[in-house]
Amino acid sequence: MSNANPFFSQSLAERDASVRGAILKELERQQSQVELIASENIVSRAVLDAQGSVLTNKYAEGYPGKRYYGGCEFADEVEALAIERVKRLFNAGHANVQPHSGAQANGAVMLALAKPGDTVLGMSLDAGGHLTHGAKPALSGKWFNALQYGVSRDTMLLDYDQVEALAQQHKPSLIIAGFSAYPRKLDFARFRAIADSVGAKLMVDMAHIAGVIAAGRHANPVEHAHVVTSTTHKTLRGPRGGFVLTNDEEIAKKINSAVFPGLQGGPLMHVIAGKAVAFGEALTDDFKTYIDHVLANAQALGDVLKAGGVDLVTGGTDNHLLLVDLRPKGLKGAQVEQALERAGITCNKNGIPFDPEKPTITSGIRLGTPAGTTRGFGAAEFREVGRLILEVFEALRTNPEGDHATEQRVRREIFALCERFPIY
């Protein structure tokens, strides 16, 4: 159907060259740089198409079949697809796919299962936890009596004995298991036993490892936790958003009320469409193969870095991320993040357990393999990336402000590598 109204026919390039130009520059950046930020990934064209669909026009407050607006027949269809697919993916009885983010999903659980002033026990930020798990600057750290567990100073592994001791002493109403920067598997069964021993609810935030769990390469927290939250991006390779799972019908009712009307109004139906597509992709055998490559690539990258004299927190990784301790190289996280970006490699500065540096400086960086694996990198490519990272490290040791010649040479090699594995 032709439409003479330019409002509906003009492209972004025709209507807003400034925004279009910024998007094109971001596309070029993604095409020409190696993305090692562990929380980032690259979505499929199908997910992009779903997010750019006319569903962005639709208000759909409420839930499928129980909306507060008319005209929701097809919004219901899309949300029902997302719900059924994510339930199959994680073998869950109930799912809420409306949270706009992982933080919103976590907030909904706390609203549903805890009262202001209740004691909440989560992993400390400096040990690898997330802001929303009770860190002081976050809402969870302000509204609740938030206590933090950490890792062993000797092994850098999660200290389950400390979790148990804190739980026995303080009797939290909610225990949170999950992380933002922890490279090892979690023992969900032990967390549940600790929670049961003090009458607490167990929430697992699986945001970073949701894809690994979906592929069956990590224990499924749905089998142990009262409630599970996640983002839809990261290893799950979907749009930016969140969801909540539970097998408890009463908790499911509380979660639904906490998401809407408790925290949010209308759901973002175009994002939920993208979630449905990504969940469908994650149900395939191809996705399992992808996750196997993500894990193998993390091992390959870690092996090269360790061979080059770099310390990895806990000595390695069981998942998609590596936490690099830069102190043996005499380097800082912020310094390395900037140098690597100049060289065409993006990562993030990250505190390490018991870090003496400020969060804006840090003694470490966090690296991840999901995005590079999505574009087709295998172990050989990640070994090459590791070698180039080491070259930047060594140049920084000689020239702490940055070695332009080395960074530009590495950037050319990175660009050539990316050209072999194009995106979009």
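Even glycines carry a Cβ here, placed using N, Cα and C.
Quantities reported herein were computed from a predicted structural model and do not represent experimental measurements.
Taken verbatim from Swiss-Prot:
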- L125, G129, H130, L131, E250: (6S)-5,6,7,8-tetrahydrofolate binding site (BINDING)
- K234: N6-(pyridoxal phosphate)lysine (MOD_RES)
- H233: site 'Plays an important role in substrate specificity' (SITE)
Subject >> recorded positions: L125, G129, L131, H233, E250 - member with fewest neighbouring CB atoms within 10 Å >> reply: E250
Original post:
When the number of other CB atoms within 10 A of each residue's CB is tallied over all shown chains, which of the recorded positions H130, K234 has the maximum?
Top reply: K234
Original post:
Listed (6S)-5,6,7,8-tetrahydrofolate-binding residues L125, G129, H130, L131, E250 - what's their greatest C-alpha to C-alpha distance in Å?
Top reply: 31
**OP:** Can you grab the distance from G129 ((6S)-5,6,7,8-tetrahydrofolate binding site) over to H233 (site 'Plays an important role in substrate specificity')? Cα atoms, rounded to a whole Å.
**Re:** 18
Original post:
In Å, rounded, how far does the Cα of H233 (site 'Plays an important role in substrate specificity') sit from the Cα of H130 ((6S)-5,6,7,8-tetrahydrofolate binding site)?
Top reply: 16
**OP:** Let me know the DSSP-derived helix, strand or coil state of K234 (N6-(pyridoxal phosphate)lysine), please.
**Re:** helix
**OP:** Between the Cα atoms of L125 ((6S)-5,6,7,8-tetrahydrofolate binding site) and the residue listed as 'N6-(pyridoxal phosphate)lysine', find the distance and write it as a whole number of Å.
**Re:** 19
Subject >> Residue from H130, L131, E250 whose C-alpha is spatially nearest that of K234 (N6-(pyridoxal phosphate)lysine), among the binding-site residues >> reply: H130
